[in-house]
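Student: Got a structure here, written out as structure tokens. Questions coming.
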């Protein structure tokens, strides 16, 4: 069938890909046909003429005849087939810009190689290394039946006879004296005649063996009756000793059924499970005492041993968290009496230290309404995290809010290797194993939602679902509700939720996309589930991408296809793919990206794994490298990988990797790799934190290890306005000002904007913008003051500030989208203009940028405090030291890894955002310190795949400002004013590349001179001034040498996806002074539909080194200390000033004049102000990268 498709029909390729293919062809009259992106069943005819691409829309009518859309008055011609239409327009002067001459063929693909590999892998999997030796499951899949049905078709009778005779001989050699005579006769009858009949069933493709089932039913007839009679007694005994049974749970009624083998297996499994669990429950009951019988599915009290300083002396303390009673109990000894306790209402905030990962500050309110600051040191960071999670659970459980504003989500992915799972898989759901794992103290905290994705899953849906629910009940003592289950062949996704959330979940949607052989067979692909949780949209995608280390590009294409064709979420958001349809999108699965190293380094790789030198291997991880190059998972995030590669193990052990695999084409190498991954993407300024990311160590039936990840995710409730619809203060308004889009296209068609949001009654369409020429290959579309004012359905700030506006820029001729973005409405202040920015993407590719200003008008009111505001992260001097360490790192991956991850580089402070995806604003829109705006000649093309900086002042969805931790949204209200670090105003510093570090240091010195606290020196000792002694020139150069070690970052002008948006007055000045400012269109010009220009020489404009002189700040290489300065002299005076020694002072040791001069010089104090210049902390205004998230 593929031969029937004409070579010029490229199907569902993107518009940008079509332009690329035609530009590559380079001949006038080259053409191709692609599917329309805006109209179903329509096509787009793309023609190249004089290095320009012209696009004509081919529309079907009611009779399925095709016609080329023409201007008014032009007669329309209809064709029954596309071939006829193309042949007609190959003639000259038929109305096109030129006649069709040279069809652009499809790109060659190695589909045969992939098909051969997949077929060989499925057929030859049993003898591959390591040997599987896995029993067949009760319900074999079609893939398993295929080898049996096609095996040796030329001599079926000989095979059957030999098999029957062999089995008879084996039966005769066995001791059958203990078998009942009727059972023995039934077995012999089956081997003599019925075995052949079952073989015929297999030959027809059926997976059913009716005669074997009949034989087993006969053999188990008496056993079935005995099990039915025994099970109720055992269940009653189990309930008697079950202290965690929910009160409404009743025993299942025993329905007598047929004694089938499947029923017997289930009953026997239930029987053995009951026998083993009864003994465990009795032991637990005797150990815990009778009082535990009243504790059903409650979280037991957990005690933490901590240290607390009193008058400088560390003392051991014990903190007991009782979630159910809502108390934090402080005791001096574990078994002693309570010294004091604090109720959940009196515990105001938890503040984590970044310098000491096991230190925690607890702010509590006393009876006299005073706020106390209690500092405790835990045994390790995991204990601290477990304590924080328990207290957060306590606050959530006793919250007065009827609806949650934060939920926890478990994500699990496992390639089961076509093997049945082990009986016990609870470690997976407890996040136990390698990597970032959960503490034991958090075991009793159930997650709100469990999402489990599997690949090569041999079980049926019911069997797998029963195992999952049984395992979760064992872990949480809760029976979870099934939200959705969806399967594409052996790729499956299951979503389970707490029973209490049943009425909060709605709009459930499932879909799948096949990306296997010829995109028709389901051996590879993806399954997805989406739903609404109150007012928040959630999406989950489980994918199994093409295998093979050399198939990296095909995996990228798999991802793009899934992105385009997976139909989930709100159907009204048709211009947007799944990356913009959901507040939170989680992508999991066997992505099959490998560690790209030579095969002869296999043993060296294994040695690095044993030594846990994962960073050396991650530098060659295909997925991280492809994301760095912006080729896949654009704007997604992934938690830091701290666990061993999850593929390819020998089965039944995790101590040995099996990296060789015998194929029909020869030996194949599968180097140990992180094939199984979890990534996520959330809307701007939405709370999301990854709490764990790792793999299990005790589930070994597959050659993959299961991977787990857990998240805190912010959610919103279904909001009902407190204001009446006619009241004056309920008139909200969203106004966009001075907006413009920069697009990577040569099309001269007009463009308009569409605004979509759940806070709008329907989408809003703008007028056409004015086109201006940008740099090479770019078009600037300005919308000025013509954009419509948006009217939200609810104007309460508590609702509106949590909303987002989706933007799509579309062609007026074809209505096809050229880019989509997202703007957050969470602004520092309303009634004022704020700068906004969002990258524009289309089908997973970067297509441009959208900039402008926004003004939001809301009704009276304020936002309430969120539950995730309860836990903060305190910034201290550790952030600077750690980032300086990163600056000198030789690890190439450090140059683009995120700096927001704790404890890597400290940018997550009380006023910063751990969530790297998004940016915040400066306080009330004020300009930020350490900022330098690019000159117009540095603002080059906004379309660049060059490496981007990690963090910046601009990020998706907002304007300028430093990152803000997700644990504290910018508008979170405060119940109190504490003296914690950074609570007051402090200078904020943007991130700078190593190359720009000198400029930022100079700016920081001036800022710190103005904000630094004064200190008095003790005259009996040496100066504590931060000014250095006279040192050799080489030592003065040391900071600069350190900055040269990492690979250089690109020029600020090249990474233009993050060019800073100047303020309004700056925009005007740029218009008037810049030579590159685009010239406005003076008058209307005739335009041809979808006129698209391209050039064979598509070189990107680059600029020379625009870096300015960088002042050397040698003081930054040491820890300076401030001194008291009664009078602030000028810099020239400081260099000459000497201070006389006061007369009343006693005689002092003689000091040199240099010491006296330095003693009265103003230095920088990093002890109180931690804004150290370091890599990953200061950035130019560039596009923002997430935690391992690439723009």
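Note that Cβ sites are derived from N, Cα and C of the backbone, with glycine treated the same way.
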Student: Swiss-Prot lists motif 'SH3-binding 3' for one of the ranges 1039-1050, 1051-1062, 1063-1074; which is that range?
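Tutor: Of the candidate stretches, Swiss-Prot labels 1039-1050 as motif 'SH3-binding 3'.
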Student: Looking at the candidate ranges 109-114, 115-120, 121-126, 127-132, report the one that Swiss-Prot labels motif 'SH3-binding 1'.
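Tutor: Result: 127-132 is the stretch Swiss-Prot calls motif 'SH3-binding 1'.
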Student: Pick from 574, 935: which one does Swiss-Prot list as phosphoserine?
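Tutor: Record lookup, Swiss-Prot, feature phosphoserine, residue 935.
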Student: Which one of 399, 547, 967, 1103 shows up in Swiss-Prot with the note phosphoserine?
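Tutor: Matching 399, 547, 967, 1103 against Swiss-Prot annotations yields 967.
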Student: On the 0 to 100 scale, where does the mean pLDDT of the region 'Interaction with DAB2' (1015-1029) fall?
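Tutor: Mean pLDDT, the region 'Interaction with DAB2' (1015-1029): 40.
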Student: Using DSSP, what's the helix, strand and coil tally for the domain 'SH2' (8-104)?
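Tutor: The composition, in the requested order, is 18 helix, 29 strand, 50 coil.
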